[in-house]
Structures are given as structure tokens and as C-alpha cells.
Amino acid sequence: MSYLGVGVSPGNVPVYHGTNLKVVDRRVRLAELVLRCVICGLGILAAVLVGTDTQVKVIFTIQKKAKFTDMKALVFLVIANGIAAAYSLIQGLRCVVSMVRGSVLFSKPLAWAIFSGDQVIAYLTLAAVAAAAQSSVFGEFGQPELQWMKICNMYGKFCNQVGEGIVSAVGVSLSMVILSGISAFSLFRLYGGNKGTSGGRW
């Protein structure tokens, strides 16, 4: 019997046959390409929204300017999303080339490299979102015990734009988590029986 083009042996061990493997690989590669395009777009959007965010407030004739570099968590968020966007662009181009060539991923070292890279970027973006979200909570509600002011009461526009950037960054993180699952599937299926011989290497 088969499911999604994957043959199943009597011992319930998945066996990927040559033609079926190419069909599955094409579907996986298409889903991967879509996700990488989403990550690239949202990553750039998040970095631009946060990185260009400034607001000037005049307090008793003194100008106070809020910018993303005032909070290290936001700097981390911009850098992490910039890295994620660049990485996804490179990997997206790899997907396009392999789809045009009609090749199937048989190289275990390459599969391990993609899997490891996706894991690193996923953890990086999740950490950046968590740090930025925590800093944003402090900016919105303050910390009375430490006498930290509610910064967003003074810099409303700045905080709103940061919030939009964080929402975009959350989309990047969730997409990277899903993409990590896809790259894990692409890697570990190479250890699941006969990989077949048809199709080019990539």
C-alpha cells in the first residue's frame, strides 16, 4: 500500500521508490520554497519596521528621541530577522535551481547542513522574538517595583511600530519552526529504506 507516494513494506517501514520519491520530493520542495519566500519577506519587513522606527518627544524644551538601538532586544530582533531573510533567500534560490533541474535530494551531508541551518535560524528567531516581547511588555506596562516608567505612554507611535515589527517576527519564527520540520523529514527519509536510483543528485 502507499500514502502520499510513499510505499510501505510489510514490516511497516517506509520505502521510497524512485518515481514516488521524486513526487514526494517535488511537493516537499514546493512547500519549502513557499515558506522560505514568506520568511524572507516577513524578515525584511520586521527588520525595516523596527530598524527605521524613531520618535522625537519634546519635554520642557528638551528633545528626547526614541530609537530601536535604545533597547538591545530590538537590536537583536533586527539582526536576527535580517539573518533569517538572507538565509531564506539563499536557500530559496537553491530550491528553485533544484526544482528546475528536477533533481532529488540524495546527499546526506547537504541534507544535514540544511537541517542544521534551519534549526539554528529557528532558535535564533524564537530567542529574538522572546527577548523583544519581554522588553515591549516593560515598555508598555513599566515595572513599578523598579520605578521603570511606562515608555509607551510617551512614545506611542514608536511602540506601535515596534509591535508591528514583532508581529512580523512572530510570523518568521513560526514559519521557521514548520520549515525545520520539513528539513527534518527531508533528512531522515534518506535513512528509511531504498532511496531509489532515479533522479539527479542535489
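Backbone N, Cα and C atoms are what each Cβ position is placed from, and that goes for glycine too.
Among the features that Swiss-Prot reports, topological domain 'Cytoplasmic' is placed at 1-29 (among others), with the record citing sequence analysis.
The transmembrane segment annotation in Swiss-Prot covers 30-50 (among others), and the record cites sequence analysis as its basis.
When pLDDT values are averaged over the topological domain 'Extracellular' (51-72), the model yields 81. Among the features that Swiss-Prot reports, topological domain 'Extracellular' is placed at 51-72 (among others), with the record citing sequence analysis.
Here the transmembrane segment (73-93) has Cβ contacts under 8 Å with residues 32-33, 36-37, 39-44, 46-47, 50-51, 114, 117, 121, 124-125, 127-129, 131-132, 134-135, 162, 165-166, 168-169, 172, 176 of the same chain, all six or more residues outside its ends. Per Swiss-Prot, transmembrane segment is recorded for 73-93 (among others).
Annotated topological domain 'Cytoplasmic' per Swiss-Prot: 94-109 (among others), in sequence order, evidence recorded as sequence analysis.
A Cβ distance under 8 Å defines the sequence-distant neighbours of the transmembrane segment (110-130), meaning residues of its chain 6+ beyond its ends; these are 73, 76-77, 79-81, 83-84, 87-88, 91, 166, 169-170, 172-173, 176-177, 179-180, 183-184, 186-187, 190, 202. The transmembrane segment feature in Swiss-Prot is assigned to 110-130 (among others).
Annotation comment: Swiss-Prot describes 131-164 (among others) as topological domain 'Extracellular'.
Under the heading transmembrane segment, Swiss-Prot lists 165-185 (among others), citing sequence analysis as support. Nonlocal intrachain contacts for the transmembrane segment (165-185), taken as residues 6+ away from its ends with a CB within less than 8 angstroms of a stretch CB, comprise 28, 31-32, 35-36, 38-39, 42-43, 45-47, 49-50, 53, 77, 80-81, 84, 111, 114-115, 118-119, 121-122, 125-126, 128-129, 132-133, 136.
As annotated by Swiss-Prot, topological domain 'Cytoplasmic' applies to 186-202 (among others).
Applying DSSP to the topological domain 'Extracellular' (51-72) sorts its residues as follows: 5 helix, 12 strand, 5 coil.
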